[in-house]
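See structure below.
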Amino acid sequence: MVGYDPEANCVSAAEAAAAGSASGLVTRVIISPLDVIKIRFQLQIEQLSSRNPGAKYHGILQAVQRIFQEEGLAAFWKGHVPAQFLSVGYGAVQFMAFESLTKLVHNVTSYNARDSSVHFVCGGLAACTATVAVQPLDTLRTRFAAQGEPKVYCNLRHAVVTMYQTEGPRTFYRGLTPTIIAVFPYAGLQFSFYNILQQFSDWMIPAEGKKGGNVKNLVCGSCAGIISKTLTYPLDLFKKRLQVGGFEQARAAFGQVRTYSGLLDCIRQIMREEGPSGFFKGLSPSLLKAAVSTGLVFFWYELFCSLLCALKNIDSAARKEG
């Protein structure tokens, strides 16, 4: 169902956008705690180890306990409002663009729209389009998830006004360069590996055993998420570090803070102070989040598309009978 299929052309671009939005909304509610923990790990300068007395967070379970004790249960959904807008908007633009691009490839080129290389390119381009559209929301989500107590931003409106007045409109696009650099291969690999794994499962599982399609979508999506996230993770970390630039006062309670003049300066400082392992801080919760979120995104998207197709078929059958 993901990507244009001339033999089963059922979902329009608008319907793909609706299914993508619904998929993003449901998935975001579930994976928000993992996202908060991942961001906290990425922004910590100190080594993620219990042997480092200056480190606030040591591991996933310790971070969960500490955040809960210090900030309460609601802290795991910090920044959820902009994050939810982000997920809904991103899902809509990404899947609408992906379906449109794969259809365009089928209609104007000799390439097969179901080919994994086509899914890689179209998936990357669709994600870049969605990223530019929702980058301000991503920056807001990161700021909310990163701030401790007392809060710098009281609510979404206060954050937007404060950031605009004190840092200017460009601050909403902090970290866009590494985001674009990272999102093309990340999303391209997601769609490509999802397509490859789907084809592999169809080859491995006999026709009579293909009843658990939804479970297959979830597993294929999870595996695609783990592979793509591992290969592109450092760029996501650079983005997060750059997005909290000018936000140092809210980070004081979390340990050391750093200011970066740009992407290359960020890479140099991390390499010098934190070593190569610094590029992979927060990888564990990030992989867990990638497995859960990517699996759920594809699972819900396929499910919502199937529901839309079923409703269209029922409506078409009713019209014929009428």
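In case you wondered, yes, glycine gets a Cβ from its N, Cα and C as well.
Feature annotations, courtesy of TrEMBL:
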| type | residues | note |
| --- | --- | --- |
| REPEAT | 11-104 | repeat 'Solcar' |
| REPEAT | 114-200 | repeat 'Solcar' |
| REPEAT | 212-307 | repeat 'Solcar' |
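Sorting the repeat 'Solcar' (212-307) by DSSP state (H, G, I as helix; E, B as strand; all else coil) yields 80 helix, 0 strand, 16 coil. The helix, strand and coil residue counts that DSSP assigns across the repeat 'Solcar' (11-104) are 73 helix, 0 strand, 21 coil.
The DSSP breakdown of the repeat 'Solcar' (114-200) into helical (H, G, I), extended (E, B) and coil residues amounts to 73 helix, 0 strand, 14 coil.
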